[in-house]
C-alpha cells in the first residue's frame, strides 16, 4: 500500500478570487512501491463555473445576432438553447467538403436503388416487418409516414363541452423542444451518413427561419429506433401533409399556444414550397434521437444554472444562518479529500463568503466555558454541502459531455459510407446514452433539492436558525406566520422531486413484434427531467425569497443587539454606579450583554413585550450572584443594590421593546432603504439586491405591523406572487447574468 508523505503534497493552484480549481499532486514515499490504486486516483478537475460562463457568453452572442452554424461536428448545448428558445438564426455550413460528403452518400443510395440492391427501409419493410420487399421506395416512405402519424393531439381549439382535467394542449410538445429537435436532426443529417439531399436540410431550415413549428405529440416515443413518431410530424410538415398542423404567427401571450394551422396553409403563407421526399429520406428524417437529445440538451442547459445557483444560495444561507466560512477551507477539500466536484464546490462557496459580515470568516479558539451551550459546528446542510453537491457536479459534467456528443452524432439506420459505398446496418438510434445522462441528472436535481430544502427548513425553524424569529416573521410571531407556507410548500416540492428521481429505464417494455425488445425511453426520461427542473426551480425560488427575508432580519438583529448592549450598559451605570466601581461596572456589563444576547436567541418565539420582559428577567440571577458575591462585604450596600433590581429590569424591558418596535418600523417602512442587509454582504450582495431592487420584492411584514388595517393583500402582494417573480427570473434567464458576474 502506498503511503503519502505530508511534505510531498503540493497544491498547484490555490483558491483564488477567480474560483480556480485545486489540483493536489501526491508523491508516494519511496520506501514502498507505487500502488496501482494510488496511481489511478487522479480524477480530472471539474470546472462547472467555466462551463456556465462560456455557455452564457455563447448564448448572448446568438441572442445578439450571431447565427448558429451547423456542420455536423460543433453544435453546442448553448446553440441548441439559442435556436430552440430564443429564435436564433441558423445557417448551414455549405462548404464543398460538407456538400460533397452529402452528395456522395446520396449517390450511393440512388445507385443501389437503381441497381435493385436490397436496402433496409428503402426496399424492405420496417422493424419486425423487414422480411417484406418492394421496388417502390417512395410509396414505402409514404407508408412509413402513415404508420407513424399515430400520435394523440387535441383535434380542435374550439370550446369543449366539459372542462378538461388537464390542459388539452398539454398533449403537444412545447415549441422549444420541437425547434431543438429540428436543429439537431439537421446537424445529424448534414454529416453525410444518411443518404439525404442537401435540399432536404435546407427545407428544414426554412421552417425554422419562418418560425413554423410542427405540432408534435408529447407521448408515443420509446426512443429505440429513434424518436420515430415525433420526427414523423416534422417530416409531414416538410412535405405539406394537410393533416399535420403547425404553430404559426406571432406570439401574443406567455399563456397558451400560437395560432394552429395546417402545414399546407403555413407553407403557403410563408411562400415555402413543400418538398417531395426522395427514397431513404422518409426514414432518414425519422430514424434518430433528435427529440431525446433536444430535451436533454435544454434540460442540461438549465441544470447547470440551478446547480451553481444552489452553491450560491448555500453561501447566502451560511450568511443568513450565521454559519462559518471554515466549512469550505481548502485543506478539508483540496488536500484531505480531493474529489474534483467537492473541490470546485467548496472553492465557489469559500470565495463567495469572503468579506461577509454575517458569516464567521475567521474562527477563534475558545475555552470550554466560553462556548458552553453553543453548537460547536454548523449542521450538515451547510457543513457538508461541498461533499453533497460535489458528486452532482461530476455527474452533470459527464452528462454535458454525453449530450454534446449526441448532438454531433449520426443517429440513423442504415448508415451510408459515401467514400466506400458501403451501407451499414446498426443501431445508432438506440438512445440509452441520453437516458443514462437524464437519469443521472434527474437524481442529482433531487439531491440538490434535498439540500436546499434542508437549509430552508433550518432557516425557518427558530430552534435552529440562531436567533431569527419563527417563520422569519418580522413582527410578533403570534400574528405572523410568514414563511410557514413556504416551509410546507417546500416539503411538497422536494417530495415530488424524490418521486421524479426514480429511473424511467427500469420500466422499458418490449415493442414492435418483439423486434424492439430493448429500448431506451430517453424522451420520457428527458421529459421527467424537465419536470424536475421546474419543481427544483420552485424550491430554489422559495429558498432565495426566504434567504433575503432572513438577511434583512439578521441586519435588524445586528442593530438590535448593538442597541441592547448600549441600553444594558446605560442602565447598569444608572442603577448600580453608587454600589460598584468602574472595573466592576465594566465586568458586569460584559457579562450582562452576553446573557441578554443568549436570552434574545432563546426567546425569538415570543411577542415583543413578553420577550423583552423575559430577557430582562434573565439578568436577575446573575445580578443577585454578583451583588452578593465577594465585591460586597457591606451587607447594607448589597441590600440597597438588590432593591434596585425590579426597576432595573423594568427599564431594560421597556427600552428594549421600544428599540425593537422602532427597528421593525424602520425596516418595514423603507427607513433603512429597500435593501437594508446590503451593507453586511460582500460577494453575494448582487443576488440579494437583484431580488430587493431589480425585482422590487420588499421585506415582508408591513401588513402585520399595521394590524392589517387595510385588509389582506392591499399593502403588499402575496408571498406566492413574490416567489413567482423570482421563479420567472430563473426560468427566463434574467438571473443568469447576475450569477455569471459573481465569478
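All residue numbers here begin at 1 and follow the chain in the order shown.
Backbone N, Cα and C atoms are what each Cβ position is placed from, and that goes for glycine too.
As given in Swiss-Prot:
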ACT_SITE  120  active site, proton donor/acceptor
MOD_RES   225  2,3-didehydroalanine (Ser)
BINDING   287, 377, 383, 413, 484, 512, 515  (E)-cinnamate binding site
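Sequence features annotated in Swiss-Prot and their locations in the structure.
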residue	record	CB count, 10 Å
120	active site, proton donor/acceptor	16
225	2,3-didehydroalanine (Ser)	26
287	(E)-cinnamate binding site	26
377	(E)-cinnamate binding site	11
383	(E)-cinnamate binding site	18
413	(E)-cinnamate binding site	22
484	(E)-cinnamate binding site	15
512	(E)-cinnamate binding site	16
515	(E)-cinnamate binding site	14
DSSP three-state assignment for residue 383 ((E)-cinnamate binding site): helix
Recorded (E)-cinnamate binding residues, 287, 377, 383, 413, 484, 512, 515 - maximal Cα separation rounded to whole Å: 58
Distance [Cα-Cα, Å, rounded] between residue 413 ((E)-cinnamate binding site) and residue 225 (2,3-didehydroalanine (Ser)): 8
Distance from residue 225 (2,3-didehydroalanine (Ser)) back to residue 287 ((E)-cinnamate binding site), taken between C-alpha atoms, in Å: 6
Spatial separation of the residue listed as 'active site, proton donor/acceptor' from residue 515 ((E)-cinnamate binding site) - C-alpha basis, Å: 14
C-alpha spacing of the residue listed as '2,3-didehydroalanine (Ser)' relative to residue 377 ((E)-cinnamate binding site), in angstrom: 54
Separation of alpha carbons, the residue listed as 'active site, proton donor/acceptor' and residue 484 ((E)-cinnamate binding site) (Å): 62
Closest of 120, 383, 512 to residue 225 (2,3-didehydroalanine (Ser)), Cα positions, recorded positions only: 512
